[in-house]
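Annotated in TrEMBL:
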type	residues	note
REPEAT	71-103	repeat 'ANK'
REPEAT	104-131	repeat 'ANK'
REPEAT	141-173	repeat 'ANK'
REPEAT	281-313	repeat 'ANK'
REPEAT	350-383	repeat 'ANK'
REPEAT	420-452	repeat 'ANK'
REPEAT	489-511	repeat 'ANK'
REPEAT	623-655	repeat 'ANK'
REPEAT	793-825	repeat 'ANK'
């Protein structure tokens, strides 16, 4: 096995530099190929150019054997992935590391196995004496080359690996062997190759989930290859009934997948198929096929003798399961011939029969007629006091289908009453299904029937939320009975409709009833108010004389006005026309105008602002807010403009000290409203602050209100004001999605050079650099910001960008002459170390390209970049730093043991890379806990022995 090169051995090869194409390469003076040798070797290997590779090697480019290209692949890995056998043979004979890994942890043998490059694999196995055929990838999957070849179905590669001594019984992180992998993917040739291997292993081995190979092969799409795999496994002695922990058998899995070819193959083995075996939920193979809606599979199983009366652990029958499946008619048709009369009417304790279930099921209503024709009894026992038709009438049926049910000879009498006296007509009326009510009336249903509580069919219709359609149908058909009847509570249908806010039903009843007394109308008025349906008020007002309003108590009048003001300007106008007044209102209470403005009911606001109503436009509620304040706080722009046109005071302040203009800006009101308020006198508060000491302009920027911010600046808002946190207002603008537009609006093309202004501008630049907004950094630099300024912590814009991994900003700042000068003077300020901690390899490469940086941070001011990359779990950064020559011994043991891990698997991968650089070897991960701290700890100790 070829050990990884220790960083200290790289000194003889020369210094590492960053090439322009982003590929790491060794440009040591002793390399005969020169600076382009490695790149050329990688390119030739990728293209399969064996002559080019040979020429480069003869020219002395042996150092290029360990060069890293895309995905950290050496020339041998590149050639292996491409299946270039001649190149592989040449590179191995020249001394290439046959067990080198790429960024995904795969070695050359794995890449060949995955892609099916048998010829290249044969060349590698023949030429490489150090090839380890059972190496696992260094990720948590623990896959070997044999696993990869089996999953991809490359039989030739499988035979080569087995001949080379590969372990056919090796397991991955899910405890699956290569046979499991091939069976899962239905690779019949791969399965054949594995079954003919020596030793073949146990074909009935189970994985971590309790699945055998034949169980895995049985799940999946219906194809001949999967059936072929199943037959091979059966011939080899696989047990299709094996299901540890009462899991699914192979037959159940195939039935659930609708794989008829596999089902046929399994049924052919007779009793071994375990046709009636149940899983932990009590489902048989037939139940699985039914629930999945596979009609053809159901027919196959029934033809083989499957029990159609089987029930699951809850007592649910297969027939009942079928009714719950979309498109259940075909399933029901397939099952009915195999079900006895007793099973047809079976109901579990406290449950319903299949017929009752179908009558109420969204998918099963069309099966009701089939069940009745098959002899199902609608009078069979059911849970609850309902009858078959009262239960059916509660759900939505297609009109034609419901009429067909009522006309069926086995349908019960439509007037059969339930325990509470309700009939099917009561149920249909309460459900608000006018079509079903009409069908029942046509079938002879008694519209005068009463429930035990005295409720009529019309009262039930008054409950329905169907815009009064059912009640109107009953009234207009003359089948409503006595419409003035009262139930046990003394309520009529009219009372019920009013309390439910069923306006159409109220209107229909008022049309047929004689004129109601004032006391009745007042009762209805109170009920409508309680239902909060303003159109009910309009219905009562339109019913005749409105003199009854005079006797309504003041509280009810106020409630009616407020309800109408919030919801409907037309109803509000009708109330005002009927004599209700809004001109005088108790102080510090919500007026109708405030209610309308807060609700954004523009029609009500317009009605109330008419001169004849003499409404106090600046009246306040208990919180000191005017109608304008409420409108802008809820961003109701039209209402706000109407109030401003009516002369509302734009400078009002609520009792908590918030001016109306502040509320408008915070709510994101349009520039039109903000501008109108400024013109109305609110400009005097444009530089005021809220209780958090934030200026109004900061509130606008924080709300993303660009146009409002422009209006405020135009009105004299101070752009350079600081927030309550002592930050420039512009710092908040940096964080906005439309930051550049904000700066164009707020920042003049050139800024004054006074100290306060310059300090604010510089602070904003550092914030922009930290957030990675390179275009904004350019704009601020053009407007006079100092790219080399430092904050209170001594951090420059470049350091802030590096710390946060902002490659574009770092690249721009390094192109600035002044920034480079400062960088040269502070070469060890830690930019590269902080960038490594941010996990951005591109920033690390850019900063390390400057020769004065200490790659290992030996000055002691900052941890080594590699240490931070390991600590925070960034394997890509760790991989680059190691390839660039970072000393793996600089990583503290406390980082390696995972005590400070923050990234789970990423930290474990970074640990494994460092461990490999120290000692090399076959990295091992613990399959039981591959994602957390344990994975990194196992990799460290197994590879390094705990080296500190």
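Cβ coordinates are placed from backbone N, Cα and C, and glycine is handled just like the others.
Because TrEMBL annotations are produced automatically, they should be read as predictions rather than curated entries.
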Same-chain residue ranges lying at least 6 outside the repeat 'ANK' (71-103) that approach it to Cβ under 8 Å: 1-2, 4, 41-42, 44-50, 53-54, 57, 62, 64-65, 109, 111-112, 115-117, 119-120, 122-124, 126-128, 130-132, 135, 137-138, 875-876, 879, 883, 916
Intrachain neighbours beyond the repeat 'ANK' (623-655), with Cβ under 8 angstroms and 6 or more residues off its ends: 591, 593-594, 596-602, 605-606, 609, 617, 661, 663-664, 667-670, 672-673, 676-678, 680-682, 684-685
DSSP helix/strand/coil residue counts for the repeat 'ANK' (489-511): 17 helix, 0 strand, 6 coil
Beyond the flanks of the repeat 'ANK' (420-452) by at least 6 residues, Cβ under 8 Å: 385, 387, 389-397, 399, 402-403, 406-407, 414, 458, 460-461, 463-466, 469-470, 473-474, 477, 479-481
